[in-house]
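S.K.: Mind looking over this structure? Questions follow.
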Amino acid sequence: GGEERTELTGIFVEKPDNVVAIAGLSHKMTTHFTNDVCVYVCIGKDVLFVAKVDSTNLPRKPVMKWMKGKWMDLGSKAGKHLQFKETYDRNTKIYTFEMKMVKVVPGDAGGYRCEVTAKDKCDSCTFEISVEKKKPVEEKEQIDVWELLKNAHPSEYEKIAFEYGITDLRGMLKRLKKMKAVEPKVSDAFLKRLESAYSVDKGKKITLSVELVDPNAEVKWLKNGQEIKPSAKYIMETNGNIRMLTINKCNLADDAAYECVVGTEKSFTEVFVKEPPVTITKLLDDYHVVVGERVEFEVEVSEEGAHVMWLVDQELVRDDKAKYRFKKDGKRHWLIINEATLDDIAMYHVYTNGGHTKGELEVEEKELEVLQSIADLTVKSAEQAVFKCEVSDEKVTGKWFKDGVEVQPSDRVKISHIGRIHRLMIDDVKPEDAGDYTFVPDGYALSLSAKLNFLEIKVDYVPRQDPPKIHLDVSGNMVSQNTIIVVAGNKLRLDVEITGEPAPTVIRCSMNLSWFPVTAVEGRIRVETRTGLSSFVIEGAEREDEGNYNITVTNPAGEDKANIFIKIVDVPDPPEKVKCTSVGEDCATVIWEPPAFDGGAPIKGYLMERKKKGSSRWTKLNFDVYEQTTYEAKRMIEGVLYEMRVFAVNGIGISQPSLNSKPFMPIAPTSEPTRLQVHDVTDTTCTLKWLAPEKIGAGGLDGYIVEFCKEGEWKPANTDLIEKQSFVVRNLPTGEKMNFRVIAVNVAGRSPPALLGQPVTVREIMGQEYPKIRLPRELRTKYIKMVGEKINLVIPFQGKPRPVAKWLKDGEPVDVKKVGTCSTNVDTILFIRSAEREHSGKYTLVLQIENMEDKADIQIRVVEKPGPPIGVTVTDVWGFNAALEWKPPKDDGNCEITGYTIQKADKKTKEWFTVYEHNRRTNCTVSDLVMGNEYMFRVYSENLCGLSEEPCISKNTAFIPKTGIKAATYTEKDMSCSPKFTTPLVDRSVIAGYSTAISCAVRGFPKPKIIWMKNNMILGEDPKYLMMNNQGVLTLNIRKPGMFDGGKYSCRAVNTLGQDEVECKLEIRGMGGRPLSKVTTMSQRTV
């Protein structure tokens, strides 16, 4: 009960124009021109919508909402494409709201609405953007969407809605139904009908009200044809001749058609319940994939079952496209591309009625990178040989070949593929296993080759003693003198052949001066010794295993030593200190430091990834290795937070990712301020004025900095940012020439400066300037307004010192009680809140400076509808014609009578038909009258405001006699008689659920009034019953009767001479034939 009702008032001074965007118009031609209906622009050009609101009678500052369709709030879309601006004129108290649409595209087509509210007052207006393909001057007729919907089949409604950008198809169809209805005649019951439509937010209340002629009349309220009963939800109130229906806590079920019924009169309306807008809670992610990968765009909205529209590069995605698959689960919606191709590269958009998000898909050709190649092996008999390689794609399969012949798996030969690693393992190596081995990935022109060397131990008998000798044979493993490179995680087995007589023994093996016992045969690092052979084994090499290794052997003939340096190589450490150094409108510059450890191999470059903050989906920014440590990421969305990470790449593989950078937002400074100009100059000050930048963007606008300089360095004129678009620069040196510039500032930094075209000399302009009135063009002729409208005249002037403005009406000072005036340094205002006829006259503005003055006269005429003509008379009748004459009305509405509308009516039917419209003379001839009929006439006068409220009816009539027939004299027979039923009602027995009808016939004069009753209760306007009267044959149709519709039905005919009544019974039977109701038999009474 404590909720406020919002009053609908007309507070717009200027409303936005409709716009037609022309797709085929040449850009070299004029791109902005208008006609009486709308503004035409070229596709790709900017459009400015302006709405002005008078705040004189408003309790607080008005708030403007720009909407698309029914409920899509455009305020959340402010950015590069949509820009909003608000200004206020203190002199006129008028707020100006602007919406600028940058580079109009076909997707902007549709219906728009701007809604202004100020506490308990609100108003709204609609405008449209439509797209056409031809130059408008070449079109002979405009495309009317209403006409298309009227003539279209219902199956084509959705197609027309998408083609012409209709976002509220349901609402248009409802209004279309009302447009097809017959315009109601002037009501005898209603002084004020229901509005054509009402709208209310879900959960709020709304009040429908009508004003009746008879304050004691009873009314019925109907919803979709069913009578509404008073309840806590529906409250019906009476206040004099005002009837109100209040609907509390509106929900979607209350979105319906409503009627107010008074007797036989009805007033119709529709109530639209506004659902809360569906917002997007999880934004789309960007995807960077290779050809053939699966892509799943996912978005989450605020409501389950919400309508979500997918677009690819502003083109609607239909369900019938085989390429795309749609899925939804509760609030989550997906668009799935099973196998991405290069044709799928685009920007993907998701729209709801309250939000928008977009994600970019980048697809690159599939490239396979070798992370670890296979290496040559040298093994002994009966040992195991393992070839291993690693590629970048774990899904890639391949084949192994030996000397060009494919290797087949067996008990001794095993082939494995785990993730990105492919292995070929050969157990119990034999001499025939030696050869060239090659791995070929499927689908790529790439092969990896290595050689398997079989080491055969030969022992020669030496009868004499030989000193021991260590034979190092590491084949392809040795990259330089006594140096072996091992990839971290791989196994190293170094077999050292030892010769000598007698057989030498290994007495010690050391690593970086750390001694290992010869007998150590277990552990990750171990030494295995056999006759003539010593093997050094490292399982799963680690970085700490790198160093110098030596072996010492001895026999009675002496000893030998060997040194080997084992180098462990690995993937590098992650890069460090990843951070964003600068941002732009759709780009950002990121830097980082190389990894602390390069893995023992030179850094080849880096891979970068980015993601939106809050998302878990990372998008690759490059497939080819990037060599620098500074990268500019592009194609980002302004106003969205991003994070980045970097991978280092060397010859071994890819590092772990770096720590995420701090979140950063691509955002750009505004463009430079516009229209910078000097407003005033004194001996020490200069007043500057400018307008806001054309391009503001997602970073908004924090304020302005004003700078000045004489020559050389620019100095700031203000320490704090200023929000106003004007500034007075003080303490300037008199007589000097100064340069000025203004810079806009937002979170992204300073904009380019706006400069004056030339230096300003700081010196006050002395002397007088004659007063001069700059009368607007529209006020140089008669200024016409209708009674009740507002008059607000702003007259600019100039002169120094400040002129004094005075207003006169017909030579006398204006009455301040009736007319308001206000003056500033540069203009004066004349204001009348509600114009009346007495406000008409000649208004004179006198502008004075001492003994100099200037005058300007303004003719104001306040007009209204005229009165009716005087003395309409039939002056002559001949043949089938009648001549009429009349005099002009006494009251012409304060403007010229532009014509008359003449109507005729047959005295039998008394139905009026228009004969002439806009007849300029005060006489006319009415032709084509029907012989034997008598006619009366009426005339309306017409002026600029429309037809007169009342007509003047002719004093006499025109009778068209029948010619060629001699009129016989006879006595007119009295046909009067009381009602009498000539055919009675008949008892009926019908099956429940099947519509039926009962009928009878009656005669009587004057025509009797017919009353249908059930069980002696008048049926009234119940929609279940349809009552018809065709030339005295009376029919009562009962729609789908139920068990409660059985009973006694009666029909009563009444006129001034009496009444008659007939009755019958109606029995309702079930499907089995069993009666469901019983009543008395038919009878007939005559009164």
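Note that Cβ sites are derived from N, Cα and C of the backbone, with glycine treated the same way.
A TrEMBL annotation is a machine prediction, not a hand-curated record.
These came from TrEMBL, pasted as-is:
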- 184-279: domain 'Ig-like' (DOMAIN)
- 366-438: domain 'Ig-like' (DOMAIN)
- 574-670: domain 'Fibronectin type-III' (DOMAIN)
- 672-765: domain 'Fibronectin type-III' (DOMAIN)
- 868-963: domain 'Fibronectin type-III' (DOMAIN)
- 979-1067: domain 'Ig-like' (DOMAIN)
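Describe each of these features in terms of where it is and what it packs against.
M.R.: DSSP assignment over the domain 'Ig-like' (366-438) gives 3 helix, 37 strand, 33 coil.
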S.K.: Please give the average pLDDT for the domain 'Ig-like' (366-438) in this predicted model.
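M.R.: Summarising the domain 'Ig-like' (366-438) by its mean pLDDT gives 87.
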S.K.: Determine which recorded stretch among 574-670, 672-765, 868-963 has the most C-beta pairs below 8 angstroms with the domain 'Ig-like' (366-438).
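M.R.: By Cβ pairs under 8 Å, 574-670 leads among 574-670, 672-765, 868-963.
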S.K.: How do the residues of the domain 'Fibronectin type-III' (868-963) split into helix, strand and coil according to DSSP?
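M.R.: So the counts come to 0 helix, 52 strand, 44 coil.
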S.K.: Go ahead and report the DSSP secondary structure tallies for the domain 'Ig-like' (979-1067): helix first, then strand, then coil.
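M.R.: Per DSSP, the residues of the domain 'Ig-like' (979-1067) fall into 3 helix, 58 strand, 28 coil.
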S.K.: By DSSP, what is the split of the domain 'Fibronectin type-III' (672-765) into helix, strand and coil residues?
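M.R.: With helix first, then strand, then coil, the domain 'Fibronectin type-III' (672-765) has 0 helix, 44 strand, 50 coil.
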